[in-house]
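Visitor: What follows is a single structure, and I will ask about it in a moment.
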Amino acid sequence: MAAEKGGSSDEERKPLTRGGMEYRDSSNSLHYSSSAASLSLAVIDRINGSTHDTGPDEIGRGDRDYSDDGEYDIEEADYIPSGGKPVQKKVKIVLGFLLFLCLSGWSLAFVLFLFGGHESSKTSIVYEDNISDTGSQGIKITLDEVFDGTWSPNSRDISWIPGPNGEDGLLLEKGASISNGYLRVEDIVSRKDPKSSKKPIVLMQKAYFNVSGEAVFPSRVWPSPDLKTVLVLSNEEKNWRHSFTGKYWLFDVESQTGQPLDPAAKDQRVQLASWSPRSDAVVFTRDNNMFLRKLSSNEVIKITTNGGVNLFYGVPDWVYEEEVFSGNSVTWWADDGEYIAFLRTNESSVPEYPVQYFVSRPNGEIPKPGGESYPETRKIKYPKAGAPNPIVDLQFFDVGKDEVFSVDIKGDFADSNRLIIEVVWASNGKVIVRSTNRESDVLHVAVIDVFSRTGKIVRKEDINALDGGWVEPSQTTRFIPADPDNGRLNDGYIDTVIYEGRDQLAYYTPIDNPKPIVLTNGHSEVVQAPSGVDLKRGLVYFVVAGNEPWERHIYSVNFDGTSLQPVTNVSESSYYDVSFSNGAGYAFLKYAGPQVPWQKVISTPANEVTFEETIEENNHLSERLRQYTLESKIYQYIDIDGFSLPVLERRPPNFNQTKKYPVLFYLYGGPGSQTVKKKFNVDFQSYVAANLGYIVVTVDGRGTGFIGRKARCIIRGNLGHFESRDQIQAAKIWAAKPYVDESRISIWGWSYGGFMALKTIEQDGGRTFKYGIAVAPVTDWRYYDSIYTERYMHTPQRNPGGYDNAAISNTTALANNIRFLVMHGTADDNVHIQNSLTFIDKLDVNNVHNYDVHFFPDSDHSIYFHNAHKIVYSRLADWLVNAFNGEWLKTYDPTPNDSILRRAATWVGMSI
């Protein structure tokens, strides 16, 4: 697609209804690359567009611009006027009367402003970023470029790997040139020193190998801890968001040959496999049963035998995969390789939800003759709010005794009221288990001793009583072994705790001590901490939301809470991510914005060796920024009801304070989430601002993360109430700005953001927001999964009024909006299409028709099937342009004028 050059880049997209009355049509839009990046909940993150000077994320459309030099008059051009011929005298009288009304209104408004009460909100600008300095002469970004990778930063995938003899700073690299090996382990320091005696260890010379005439092409690889064997996955097929199946192989490094993981069933698909810390065995799950393959034998040991449709061993069911572990494994080896802990999940009582496929057949089965015309139905055990949950308990396998057992914990939650959210092996047969009640507001931390087969609860925290909040499931607890030589007399662990209204880092020692040493405190909150632990030097590394919530910086602190030190330059407003080597002597530092992202490997400050190597600089993006025109970004706060809320405003290039711009609000808004981030990101919002010429505003309202638990927890039991108020109040603030056209304000979101878009326009009733767009929205929280929903809403049985209030149900208010759009995939296994269908039924029952709808056959929550992802954003852009150009206003009073009547009369042979 040819790029646009020249012209005033602050112009809005020209109304498609002018000059021919052509309706904006998705079918003639963009030509997308087939390599569009994938979107899921991770997609939502990308759509949410981080915050920085980059730009587009979604739609690119049309080549015509127009200058928006004044407010759009619905009576001009091709809009349909009322009938009758103009009478000059009457016009003068009317105009004079209108002028009198305007002057009176302005005077009254001025008096009210001086003496009346003001809205309890204010704005304060903190940062303004504009990394594109081409002005109006730069090339405009297109929607194609947003999705074809043109603006995607290159990102090297470097994995740290522990050395077999305790070496630190080893990297696992995959996909290197054939001459250097396809899979190899390299010492980070020696790779810059040609004289070093530490040479790379080549694990796999080639990118494939043969087993009995079958070519095996690895999709994923896991070296054994001793680096002598590689566990290889091939023929991978996706299951749900994080899970997959495939064929597993064992590849011998010395001989460069492979064999099936299970020689007796090499073609059967395996759900999960993982190495023993001793490198002598692999545990795996197939058909929901667990097996053990010892490398000393070709025989496979059955650990469980009764797994099946309703009983899972070692792998999570749908809801635990999606809402608790965000992964495909619930299997944990003890560090000595003597025991395996795993979850047993019983779904017998969980109701099923049918997902239908009208075009494809995901199960791969050919229908019987006569059945070709029927859709394929996949039934998922999906616990909706208030429905029975899967029963989950922790089991253990004694490798030496070939025995499965469980351990009872006195005072623990009942089976039906328990969520197991984390399992961490300690030393000497001890296991740390974190669990919550069903509504996720009471936390139990238990310690189990597998030697004595006993367990006890060592910590209880009633989060609901503490601040009315909840426990977010996470898997970041880090075991800290005793080391008397370094001052650690007892085992312990590091966990994230609530301290003075924010998430902070704490160290518990001994392991059964309920009172911690708080390691961090203050205004900032830790993020998925800890990120790394240096046991030798007694240091914890972690990521923190910096001086402002949209930042991320790296810090370290001693185990005793002293010597809190920044690793990154905290004087700069930046966004970093990091991964640490096994011993935390080195860090893979990833700068994500606001400028062009880069990646470096560095030695950590406590390391005696000083090292730094740039891995990626993304020079191609720096060059592109010199050619293109992007939006400017304003990071600021607004105060609403006493809460200071982060806001990102994206302004079109060549922004003109004297013009009137339409405004699109974009949000996600889910509990604990964050959309206002200071990252380099060219996304759909960038496209809307930099190409279409609209302002885009994102507000992280109450309920979102990193603004304190008081603001976060206020939403509990009443999702959508405070969040929608924040969006409405923010829209009022922007509507009052001199450069905003208050008649053209819209809002859009996906998933939770779709729910928020609908809830906001429902609560606003057309007073501030005139338009709304919801993609894959929840419309009634009774239809969403139990673990997520009840965490924030309690159960429907306990909180029926809250569920009623949260549902999108006020059709009268929705009818007061000019128009809204709903899009949904029919095979969405996450937010079921039931949400949109029942919502549309409410609209039909109440004779509401000011909306559009688009369903995508066989698409899941990310909406990708058969070109659907392109169509989502093409449709979104088309619809938005038409909305802001008054297309839907024509339906308000569709009275034909005399020209239309004359044409109709001519067509039937009459004369007027």
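Cβ atoms are placed via backbone N, Cα and C, with glycine included.
Since this is a predicted model, take the numbers as computed values, not measurements.
Pasting the relevant annotations from Swiss-Prot:
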- 1-92: topological domain 'Cytoplasmic' (TOPO_DOM)
- 7-25: compositional bias 'Basic and acidic residues' (COMPBIAS)
- 54-67: compositional bias 'Basic and acidic residues' (COMPBIAS)
- 93-113: transmembrane segment (TRANSMEM)
- 114-912: topological domain 'Vacuolar' (TOPO_DOM)
- Ser751: active site, charge relay system (ACT_SITE)
- Asp828: active site, charge relay system (ACT_SITE)
- His861: active site, charge relay system (ACT_SITE)
Visitor: Distance check, please: Cα of Asp828 (active site, charge relay system) against Cα of Ser751 (active site, charge relay system), rounded to an integer number of angstrom.
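Guide: That separation, Cα to Cα, works out to 11 Å.
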Visitor: Rounded to the nearest Å, what's the C-alpha distance separating Ser751 (active site, charge relay system) and His861 (active site, charge relay system)? Just drop the number here, would you?
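Guide: The separation of the Cα atoms works out to 8 Å.
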Visitor: Taking each of the active-site residues Ser751, Asp828, His861 in turn and counting other Cβ atoms within 10 Å of its Cβ, which one has the fewest?
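Guide: Asp828, out of the active-site residues Ser751, Asp828, His861, has the fewest neighbouring Cβ atoms within 10 Å.
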Visitor: For Asp828 (active site, charge relay system), which DSSP three-state class applies?
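Guide: DSSP call for Asp828 (active site, charge relay system): coil, neither helix nor strand.
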Visitor: Determine the mean pLDDT over the topological domain 'Cytoplasmic' (1-92), rounding to the nearest whole number.
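Guide: For the topological domain 'Cytoplasmic' (1-92), the model's average pLDDT rounds to 34.
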